[in-house]
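Annotated features in TrEMBL:
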type: DOMAIN; residues: 34-474; note: domain 'Major facilitator superfamily (MFS) profile'
type: REGION; residues: 1-28; note: region 'Disordered'
type: TRANSMEM; residues: 73-95; note: transmembrane segment
type: TRANSMEM; residues: 107-126; note: transmembrane segment
type: TRANSMEM; residues: 164-187; note: transmembrane segment
type: TRANSMEM; residues: 207-229; note: transmembrane segment
type: TRANSMEM; residues: 267-293; note: transmembrane segment
type: TRANSMEM; residues: 313-333; note: transmembrane segment
type: TRANSMEM; residues: 345-366; note: transmembrane segment
type: TRANSMEM; residues: 378-401; note: transmembrane segment
type: TRANSMEM; residues: 445-466; note: transmembrane segment
Amino acid sequence: MTRMDTSNSHDIETTPLIPAKSSKKPKTPLPKLQIGILISLHLAEPIASTSIFPYINQLIRELGITGGDDAAVGYYAGIIESLFFAAQALTVLKWGRLSDRIGRKPVLVIGLSGACISILCFGLSTTFWSLVISRCLCGLLNGNVGVMKTMMGELTDSTNMAQAFALFPIVWSIGGFIGPLIGGTLARPQDHWPVLFANAFWEKFPYFLPCAVAACLFVLAVFMLSIFLEETLPTKRRPKSTSATLGISSDELLPQQSMAYTPLQSLLTPSVVIPIANYALLALLDISFRALLPLLLSTPTHIGGLGFDPATIGSWLALFGITSGIFQALFFARIIDWIGPKRAFHISVSCYVPLMAMFPIMSWIVRARGEVDHAITFALLCLTGMQLAWNMAFGAIFMFITASAPTNNVLGAINGLGQTSASVARVIGPTLATSLFAVSKEHNLLGGNAVFFVLIVLAGGLRWLASQLPDEVQDRDE
């Protein structure tokens, strides 16, 4: 009897150890066709948004609104770059909630069509206020990024999420390579190819050509979306969209339908708010870096810039984009599998301090040497290396935000909340960074480097927020 009791006791004690040995779930195969189509649609957005960076500062100078003050260009560049996100912040949550009701595809069609129209208006703008209207139009009609993240979340689970969400930074990197090349190469075509572009139209609208190319990509994206992309919202899926095609089980239909109107307030739990707060501050710091970089590159050398022309700026921004894309494609999923998403996020956000430190170092080199030489080239290559690690943070935080949604029926709302907070941050970021840049240079605050000090302090706050994230990405199915 005693022996039997001992045996039973031993069984009870050792039973919990059995699943611990095989706790790692096998990876679910990705639905490659649908994800490939989704990523192809997403590519049009970063190409269009980054194509204006090489020439935006020159465009503002040519409009004459600064009165010839080169240091004031930063104010207006920051305003224009912020307007899209200001308008997007007003509507992106509504687009996300709407996609939970009418489906993901209709919202994407509206967003891509609006982006197409707005970029054409931007290219036809000849006044500051026409630039303002075109950027606001694009933001108001654009809920694409949040909805695409929602679709990606519905196509994946915790076993293959890193592999799928790594594609978003890759797409932005590829877009960050192609976009600046388009903008830098095709801006003012009458100067580069006077025989082909001798018409007076190109003198009046010298920046229309890169905008027209970006608009064509949106037209192609709408065509692909309408024909090839399958709906992922279970209540709106057609019967032929099987789980083998989309990676979604058909038994989700009833729960999704019954919970379609989940109150927004019920989603504001710490498990949701903390990842979104990290994303918001990450977005603010990132957009500040991306606004400051072309500004520093284009600012004349006598006030601490590098004095590059739009074509050179476009080439460097393209290099940053393509190297980041290659790095994300080859190493992001492996790094996540190796050290986990939280530690990867910690390492990435810690790179922001040296990233910002490179800006005053480059300004100092130009002042000390009196010209842009090989030392600046080396410094820009170092900057390229550091931004590789920084860009990893986005793929990691997307995983935490998607995993924070308790069920798929609120994924649109969760990603809408995330995109709203990021849009607000991206409103503040360019205006704050470029205005501080201008004030720092005009009043020589901290040797003209006050803006970098402020951003480094904010990066310390992000490092603390990162420590509040959960240790592991949880599976919604569990």
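In case you wondered, yes, glycine gets a Cβ from its N, Cα and C as well.
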Check: Counting Cβ pairs under 8 Å to the transmembrane segment (164-187), which of 73-95, 267-293, 345-366, 378-401, 445-466 comes out on top?
Finding: 378-401
Next item on the list: State the residues, same chain only, that lie 6 or more residues beyond the ends of the transmembrane segment (267-293) and have a CB under 8 A from a CB inside it; answer 'none' if no residue qualifies.
Entry: 53, 77-78, 81, 85, 317, 345, 349, 352, 355-356, 359, 387, 390, 393-394, 397-398, 400-401, 404-405, 410, 413-414, 417-418, 421-422, 424-426, 428-430, 432-434, 437, 451, 455, 458-459, 461-462, 465-466, 468-470
Check: Do the transmembrane segment (445-466) and the transmembrane segment (345-366) share at least 3 Cβ pairs closer than 8 Å, excluding pairs fewer than 6 residues apart in sequence?
Finding: yes
Check: Are the transmembrane segment (378-401) and the transmembrane segment (313-333) near each other by the rule of at least 3 C-beta pairs under 8 angstroms (pairs 6 or more apart)?
Finding: yes
Next item on the list: Would you mind giving the whole-number mean pLDDT across the domain 'Major facilitator superfamily (MFS) profile' (34-474)?
Entry: 82
